[in-house]
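Summarising the annotation, TrEMBL assigns domain 'FAD-binding FR-type' to 72-174. If you look up TrEMBL, you'll see Arg123, Tyr125, Leu140, Lys142, Met149, Ser150 marked as FAD binding site.
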Amino acid sequence: MGEKEEDTEEAWLQLRPVEPLPSQCCGSGCSPCVFDLYHQDLARWEAARASNDRSLLSGKQLQSCPSKLSPETFLAFRISALDKLTKDTYHVRFALPGNSQLSLHPGQHLILRGIVDDLEIQRAYTPISPANAKGYFEVLIKCYQTGLMSRCIKSWRVGDTAFWRGPFGNFFYKPNQYGELLMLAAGTGLAPMVPILQSITDNADDETFVTLVCCFKTFESIYLKTFLQEQAHFWNVRTFFILSQEKSPEQLPWSYREKTHFGHLDQDLIEELVSRCRRKPFALVCGSPKFTEDMAKYLLCAGLTKDSYFLF
């Protein structure tokens, strides 16, 4: 008798995992990476094929009823609210079942999965909602004109579903761990700073000083103005803004004029910020690769050591 159809070489080859394309890696150094998962699935397939046992193939699947966030498995979350903050930036809320929580540390990020023209892509985004938020989580997403994931996000509507896995990230904040946090954020690099800052101001026993420096092109492009103004009212929080395409303070509201600098966050300004810290600072940096590289260089020149800053 011949082999069963399901046990033929061709049938097994059809079940072989497909190696990810470079576009499917978000480039954020996640562990496990999409390529790590591919090699795990490939090893599982090879073992199943060697023993001719398809039951060994039972592995990760997309789950539509999230129970617990997983770095390896994409879970489906429903979009419950979607606001366009600027011409290219969206504030999106996703529903969690009941009063459940996302269970991640402030500043950790998730990986979003999208499909565009039958091409799977993955990108990293950091929730801006409080770490203890119940029943929801929120992300801040900037879209780019030629971005593949941006095409996917621009098509989102309330009620749609998006697939996430995680959490990832190696910065774990502990109350009173540092005398002062110097947060340097450019654009959506503000995202990981938001839950860390809120975890400090929500905790009456946390006496960490915070200096938050936000870099944007214009005043209109500043995200989360209300939140940032509220946080600046706390005794231990100071906020500053760097606007690269504004020139006149007269065009700004009075409450922003004294804490806004025009131009770019350069070496001189970093040295001034470090010198004005009330306690020995630990710096957090998030922005474009060029911004992150420049800030690391400036911080070292300002006297900080490599173990005195973290680059998201």
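Backbone N, Cα and C define each Cβ position, glycine as well.
Whatever TrEMBL says is automated annotation, not expert-curated.
Residues belonging to the domain 'FAD-binding FR-type' (72-174) score a mean pLDDT of 92 in the model.
In this view, Arg123 (FAD binding site) is surrounded by 23 other Cβ atoms within 10 Å of its Cβ, with every protein chain counted. Within 8 A of the CB centroid of the FAD site residues Arg123, Tyr125, Leu140, Lys142, Met149, Ser150, the other residues of that chain are Leu112, Val139, Ile141, Cys143, Gly147, Ile153, Thr188. Neighbour density for Met149 (FAD binding site): within 10 A of its CB lie 20 other CB atoms from the protein chains shown.
Within 10 Å of the C-beta of Ser150 (FAD binding site) we count 19 further C-beta atoms, all protein chains included. Largest CA to CA distance in the FAD binding set (Arg123, Tyr125, Leu140, Lys142, Met149, Ser150): 14 Å, whole number.
Here Lys142 (FAD binding site) comes close to Asp88, Thr89, Tyr90, Gly187, Thr188: these same-chain residues lie at least six apart in sequence, with C-beta atoms under 8 angstroms from its C-beta. Long-range Cβ neighbours of Leu140 (FAD binding site) (same chain, at least 6 residues apart, Cβ-Cβ under 8 Å): Leu85, Thr89, Tyr90, His91, Tyr125, Thr126, Ile128, Thr188, Leu190, Ala191, Tyr223, Leu224.
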